[in-house]
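Below is one structure, written out as structure tokens, with a few remarks after it.
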């Protein structure tokens with residue numbers, strides 16, 4: 001079996017290595033030719049995943065067409081806001097019969113579309129039954145070291161979800177299946193926004209009570225939005241929801257939590273992002289989800305607060321005061 005992995009960041013590289021370790025022929029595509037040449041020469045990704053050697057069955061490509069042409073399965077691991085422009089470059093390739101597995105977590109800013117919707121629009125011939133999302137609490141730094149990890153492969157097609165499960169499952173990378181791709185994609189997107197809020201709380205110096213409140217009420221926002229779009233509320237209690245939410249809000253590896261923490265300490269968003277080595281998906285997703293929540297009439301006060309702090313310059317302390325002094329309500333999910 002041939003598998004193409006599009007995106008040579010930490011997560012794309014990790015999955016490429018995982019699949020190659022299983023013996024699959026893996027084509028890893030890097031966006032920048034000079035970076036691809038470096039990966040091919042050094043046989044590891046020293047920029048994002050230093051010390052993890054590439055198996056012999058992993059090849060690095062600069063050409064999207066060459067990477068994808070022989071592939072039975074295509075894994076999209078580029079940033080969510082770059083997904084459409086990336087896959088549109090291969091729209092002339094026949095996609096029937098291929099499984100597309102997206103691992104990018106976000107909502108497209110300009111359209112409010114989920115990642116599976118973007119793939120369906122950008123790739124003629126692709127059907128939703130051939131698209132899957134692989135989400136869950138899975139930091140690349142741990143997966144690459146073969147530390148125990150559990151994720152969920154979600155597709156409206158049971159057959160596709162099972163196929164993805166079979167391909168990715170290892171003794172240390174346990175894959176469950178799920179058919180609620182709407183709930184999974186919304187959960188995977190919203191959790192990054194809530195992680196920014198959790199980081200802001202850390203940066204200010206608040207304690208465990210505040211963090212627990214953010215995670216719990218953030219889960220409520222995640223559930224409300226998922227349900228409004230046709231998702232199953234049970235999904236947010238699984239790996240793509242509470243599982244990924246907890247790890248992203250608490251882990252030292254979390255880019256989104258780091259962005260929030262630095263903002264809580266007084267740094268500007270532009271300054272934080274300019275000095276980061278990797279993409280924090282929650283930044284643009286906060287605007288996309290805020291816009292989507294307004295369109296759907298879904299109350300998401302934490303998401304709104306993050307959006308206002310990041311994009312409208314609202315002072316952190318004022319945003320927190322506004323959150324805490326809202327009209328008292330029932331605890332309704």
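Backbone N, Cα and C define each Cβ position, glycine as well.
What Swiss-Prot says about this protein:
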type: ACT_SITE; residues: 191; note: active site, proton acceptor
type: BINDING; residues: 10, 11, 31, 32, 105, 140, 255, 279, 281; note: NADPH binding site
type: BINDING; residues: 105, 136, 138, 191, 244, 254, 255, 256; note: sn-glycerol 3-phosphate binding site
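By a simple count of nearby Cβ atoms, those within 10 Å, the most crowded of the binding-site residues 105, 255 is 105. The binding-site residues considered are 10, 138; of these, 138 has the fewest other C-beta atoms within 10 angstroms of its C-beta. Every protein chain shown contributes to the tally, and the Cβ of residue 254 (sn-glycerol 3-phosphate binding site) ends up with 23 other Cβ atoms within 10 Å. DSSP assigns residue 136 (sn-glycerol 3-phosphate binding site) to coil in the three-state reduction, outside any helix or strand. Between the two most distant C-alpha atoms of the annotated NADPH binders (10, 11, 31, 32, 105, 140, 255, 279, 281) there are 22 Å. Across the recorded positions listed here (136, 191, 244, 281), the residue whose Cβ sits among the most other Cβ atoms within 10 Å is 191. Taking every pair among 105, 136, 138, 191, 244, 254, 255, 256, the residues recorded as binding sn-glycerol 3-phosphate, the greatest CA to CA distance is 15 Å.
When the C-alpha distances from residue 281 (NADPH binding site) to the recorded positions 136, 138, 191 are tabulated, the minimum falls on 191. Secondary structure from DSSP puts residue 244 (sn-glycerol 3-phosphate binding site) in a helix.
When secondary structure is read from DSSP and collapsed to three states, the residue listed as 'active site, proton acceptor' falls in the helix class.
Checking Cα-Cα distances from residue 105 (NADPH binding site) against the recorded positions (138, 191, 244, 256) with a 10 Å cut-off leaves 191, in sequence order. Neighbour counts were taken at the CB atom with a 10 A radius for the binding-site residues 31, 256; the maximum falls on 256. Here residue 255 (NADPH binding site) is positioned 12 angstrom away from the residue listed as 'active site, proton acceptor', judged by their C-alpha atoms. A straight line from the CA of residue 136 (sn-glycerol 3-phosphate binding site) to the CA of residue 10 (NADPH binding site) spans 15 Å. Of the recorded residues, residue 138 (sn-glycerol 3-phosphate binding site) and residue 10 (NADPH binding site) place their C-alpha atoms 11 Å from one another.
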